[in-house]
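A.B. asks: Dumping the structure here so I can ask a few things about it.
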Amino acid sequence: MPVTTADFIEKKKRGEKITVLTAYDYLTAKIVDSAGVDAILVGDSLGMVALGYKSTIPVTMEEMIHHTKAVVRGRKNAMVIFDMPFLSYQTGVRDAILNAGRALKETGCDAVKIEGGVEQAETIRALVNSGIPVMGHIGLQPQSVNVYGGYKLRGKGEERKRIIEDAKAVEEAGAFAVVLEKIPAELAREITEMLSIPTIGIGAGKYCDGQVLVFHDMVGLFEDFKPKFVKRYAELGKLAREAVEKFIEEVKSGKFPDEEHSY
Ligand code: KIV
Ligand code: NA
């Protein structure tokens, strides 16, 4: 029985940290699931990491569904969360229900995530009322990059109050958890203490109820850039490149294939 939204709330009550990592394919899902994460997020970050787009804006429902199907095939225990792509929910409650419902029906995922606080509260409530569990996402919202002109820290100064309002709105609308992206640790602490649903931080400090990172960032596979909040637990990009260089060298020199790898 995979991890449920009720387990998320229980973990917060017990003070047990929640772990979430992204995956976009079967193999990665198997690795993070078997290692024991609570949830796998099929992030729209796949647009940049797996598809080479410059932002998450171009990602479509079709692309998200294609990748999420593969992730669901690779998981045993973790909850699978489908990240709703740009324009799949901002156009209104009806579109949001149809698209999120499609995600659940076609992929076998367990929940969806949408970006936005106060302005998305009505949509979150409608989704939950339709039987679709929702994870919120406030603070830095990458789908709004063109409004803010970049991926800067959010929640400083005057903006602090607004983000606290967003957190309250998302909880009251019925979300089972909320991602806090790139806000000061002290603000994340205040929000975490205020809410009864768990906060899942990324670049939001240590006081959150859980943490999420992009898998390809934390294993060192995505090397285009590294935000300050990313900790690299391995350098798999470097390892893979060295392996490929070795292969090229051995094929050219005639060392591979040897007897051991021939019939
Ligand atoms: O798309 C994504 O990977 C995300 C997480 C970083 C929270 O939204
Ligand atoms: Na995302």
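The backbone N, Cα and C atoms fix where each Cβ goes, glycine too.
Checked TrEMBL, it gives:
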BINDING   D44, D83, E115  Mg(2+) binding site
BINDING   D44, S45, D83, K113  3-methyl-2-oxobutanoate binding site
ACT_SITE  E181  active site, proton acceptor
A.B. asks: Enumerate in sequence order the binding-site residues D44, S45, D83, E115 whose Cβ-atom distance to ligand 1 is under 6 angstroms.
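C.D. replies: From D44, S45, D83, E115, counting a Cβ under 6 Å from ligand 1 as near, the near ones are D44, S45, D83.
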A.B. asks: According to DSSP, which kind of secondary structure is S45 (3-methyl-2-oxobutanoate binding site) found in, if we only use helix, strand and coil?
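C.D. replies: Its secondary structure by DSSP: coil.
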A.B. asks: Work through the binding-site residues one by one (D44, S45, D83, K113, E115) and name whichever has its CA nearest to the CA of E181 (active site, proton acceptor).
C.D. replies: E115
A.B. asks: Excluding D44, S45, D83, K113 themselves, which residues in that chain have a Cβ inside 8 Å of the centre of the Cβ atoms defining the 3-methyl-2-oxobutanoate site?
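C.D. replies: Going along the sequence, the neighbours come out as T22, L41, V42, G43, L46, T56, V59, M64, M84, P85.
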A.B. asks: Given the recorded positions D44, D83, E181, which one's Cβ is surrounded by the fewest other Cβ atoms within 10 Å?
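C.D. replies: Minimum Cβ neighbour count within 10 Å, taken over the recorded positions D44, D83, E181, occurs at E181.
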A.B. asks: Rounded to an integer, what is the Cα-Cα distance in Å between E115 (Mg(2+) binding site) and S45 (3-methyl-2-oxobutanoate binding site)?
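C.D. replies: Checking the Cα atoms of E115 (Mg(2+) binding site) and S45 (3-methyl-2-oxobutanoate binding site) gives a distance of 13 Å.
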A.B. asks: Go through the recorded positions D44, K113, E181 and pull out the ones with a Cβ less than 6 angstroms from some atom of ligand 2.
C.D. replies: D44
